[in-house]
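In what follows, a single structure is set out as structure tokens and then discussed.
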């Protein structure tokens, strides 16, 4: 028998009497008090540490070494919380660690081995948090962590936002408008996935969607804006596939492929008519910031070191004559944060065709698996991974979106590979059980 209290009332719970009624101790009459509900807030340490790591990466340009130290501490705490799982995770993600190992190995032929070693170690930390989070956290908690860190990033851009002095471009908390655009696109995809595939966090998703769209416009990135419009359209297509006939799915599939290829051509500047249209709409150079000149230089460097490259992060180094010449030609006074405006081309210069084949294999494995996952089960988590990998596919032709040290998009790319692997393993186990029965 348990006791219920209501201010001065104190009575025993009588079988058959509603749970919110008791007898008055004097009159003996039944007295009712309001229902009460207990609210609990669950805090996942892994989600907190992972979210902290993402926030630290976003704020590196603002707080420099302090943010980098916070990222390293959060990563170590996350990984070392379950030390017994480290070896199994390393084995399960051996393809990812093979890429890290190749970058470390490039120390032996790098033009600047000390630079290569430092950045390769940082890349290992970046991979470590993505791999461990992918295996230890649920996709739902991962998406929530991305959302919360994205909200903190957006708020930071509004509070600490600044503009570039020469042309008034909005930078937010980042060092360049391209970095702001990249961060905004990630949050845009996450909020879009929640709006399309979940009934929870709707208000937060709407607010974050609007904030990320505003930041994307302020970044004045034609490529990022086009990529997000196309990604959102493709996610809507995927979400609606279950309500269509087989022939309609075929039509939507071909339409999606055509739309994606057209977008890649558009943002890459290969298609003359589309480039002219972009020039008319945005007032930008039809060669898109002179990147065709950069690609010409990059192909020349790749031809000199086709298989091995010049070492991870061994080209854009202060003191490298060709890098200094390109910085001067394009007006990069800081002599940092520049690349060849194409992920695979940029990385081929540094880690050669062998390294790029490894990277391309991981990217397209995650892309194909994510799309299949989203089509089979269009939940918010699957839509986010699919949308993010579509974003990577489109923007990798004009930006450096992977695999760079201390970058949020690198962490999320690694995370996507692991989540797709987990999804495939679950599918294989389910198929094996059905076969056994």
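Here the Cβ of each residue, glycine as well, is placed from N, Cα and C on the backbone.
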Transmembrane segment per TrEMBL - which of 38-57, 178-197: 38-57
Which range of 16-34, 92-110 is transmembrane segment, per TrEMBL: 92-110
Result, the transmembrane segment (63-80) in contact with the transmembrane segment (222-238) (3+ CB pairs under 8 Å): no
Contact call for the transmembrane segment (401-420) and the transmembrane segment (200-216): at least 3 Cβ pairs under 8 Å, seq gap 6+: no
For the transmembrane segment (378-395), sequence-distant contacts whose Cβ falls under 8 Å of one of its Cβ atoms, 6 or more beyond its ends: 139-140, 142-143, 146, 182, 185-186, 189-190, 192-194, 196-198, 223-224, 226-228, 230-232, 234-235, 238-239, 241-242, 260, 263-264, 267, 363, 366-367, 370-371, 401-402, 409, 412-413, 416, 419-420
